[in-house]
């Protein structure tokens, strides 16, 4: 599957090295040197005189790399260690204003020097180099360094995903022009060929004008597997605004009529009432200048049931509690007992009536959170007697005799990693280690479709807020866009360098955000399939994502125990919230975008003052070229709630701003 993701990746090392005495190989080496120094016209002349075609040049690329590696191996291996020591001393003795940016080159140079030593079969020298300089690298690179240290022989370099990433991609280092000039001057003065070649071939400098960044600014966005995202990665325009809401007055009349009939039946002397338009529904929403065109992404046409659901959501919002630093939300916590660490995920439907849980034993369980039980559809013979034109047809087709408090869905044959309700609650998606995504009917309580896009486990699945579309994140380093009525993938989002652990739809359904084990957050355009944002700053795997209700801010969290907030309009990190002591599994915003809630493996729920954070940041007035990152987390922490040895796996704000929490109790014996 990796060949499908990176079709242009060429093998780094040839399995059968040979001396570069072949005429064609020598010509290819000469051509590569000419192209390196931009002598393209000379290269074309040589190619014509030697009668060497492009295909022959491409097929000899393995021999070229092998020839260059053999040439390097004829040198002294101690050159690498001496060159690295010289570079480290240069960084340490530089002025403080440049020191922190210069230190960004130490890690990628260390990696490529180690790989060169292993490639040239200097195994003892490579081990000494790793033990001497590996521990002094930044803490957030230590996991990658441990994986590199396992590779000690040239034959082990083949088919290693991490090494393929380093060899096939340039490590991005963002530097001011003054800092880069200082580095170039040092490299020219020392005349160390090994160090100069590594910097020129394997590093990409994203140069900017202005004052060099300090250590705090660099650490905030450092940690990506292959460096920071470039400014060019975040140049595309993102339509982060919300779509205009449809006219709901007609559907509201039906809902009001049903309520009036119920009141009439309860009253002994009913009074004639004039139908009044609800001011909440008659209010016309303004067109957001940052919203995408309505026809940009083909969204499903609203059915009557969809309109009624939206009307009910608006009516519920009228009873919403206004939250602030003085009025904190009420929390309703559901704790799953006797699970023996078998719960992988949980989610609650948008109207807070159903709870779905994915288990490690390949089962999906659904509970009703309201007195109304879960009913199944009547038999085919019974459905023939139902008037399909009646207003309450959805109630009539369900059999009261089949009502149960909980139901179990069987079909997966591997641990279930994530579940997601459709907006109308008639469908449920689940993804599993068995490499499939299953679509379950909550009327039939059975699987209706099994989607398969790759031969790798699927870690996350999310329904679009508009229904019909859903997104998945997989171990094959890709995310995918699907439609419920299509067996094939609509869009394949490839670009991550490691497992894609989580995904999330933007509120306008035009974009999908993904978080990966390569410690980057990316934003993808569902229409074009292109990457429009690349954001670095996490120091560990990213496990959860959540967009703010207005669509401007994206929150991400994971194994590094930090919550990072991104302004997707420009792709900048705007805040880092710290306080948890364990991996963060879930993030959610309150319905009025005043509070941000986070839940962690440390058995704590933390509430953050998101409205105050936005006031202090003032996104519209922010300096695009040098944004300010908020690090004072204690200033915005409102309250921390602890559970009894129960890690928090899901948080959810209802339409009335009541917070629901799902935990899984871990008994001391199981630990």
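Cβ atoms here come from the backbone N, Cα and C positions, even for glycine.
Predicted automatically and left uncurated, TrEMBL annotations should be read as such.
Straight from TrEMBL, the features:
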type	residues	note
REGION	1-22	region 'Disordered'
DOMAIN	75-203	domain 'TFIID subunit TAF5 NTD2'
REGION	257-297	region 'Disordered'
REPEAT	409-442	repeat 'WD'
REPEAT	451-492	repeat 'WD'
REPEAT	493-534	repeat 'WD'
REPEAT	535-576	repeat 'WD'
REPEAT	577-609	repeat 'WD'
(message) Please list the DSSP helix, strand and coil residue counts for the repeat 'WD' (451-492).
(response) 0 helix, 21 strand, 21 coil
(message) Let's see if you can do this one: DSSP helix, strand and coil counts over the repeat 'WD' (535-576), in that order.
(response) 0 helix, 25 strand, 17 coil
(message) For the repeat 'WD' (409-442), report the average pLDDT of the model, please.
(response) 96
(message) I need to check the long-range neighbours of the repeat 'WD' (577-609): which residues 6 or more away from its ends have a CB within less than 8 Å of a CB in the stretch?
(response) 317, 320, 322-325, 328-329, 331, 540, 543-550, 555-559, 561-565, 631, 633-634, 636-657, 659, 661, 663
(request) Could you put numbers on the helix, strand and coil content of the domain 'TFIID subunit TAF5 NTD2' (75-203), residue by residue per DSSP? (result) 98 helix, 7 strand, 24 coil
(message) From the DSSP assignment alone, can you count helix, strand and coil residues within the repeat 'WD' (493-534)?
(response) 0 helix, 24 strand, 18 coil
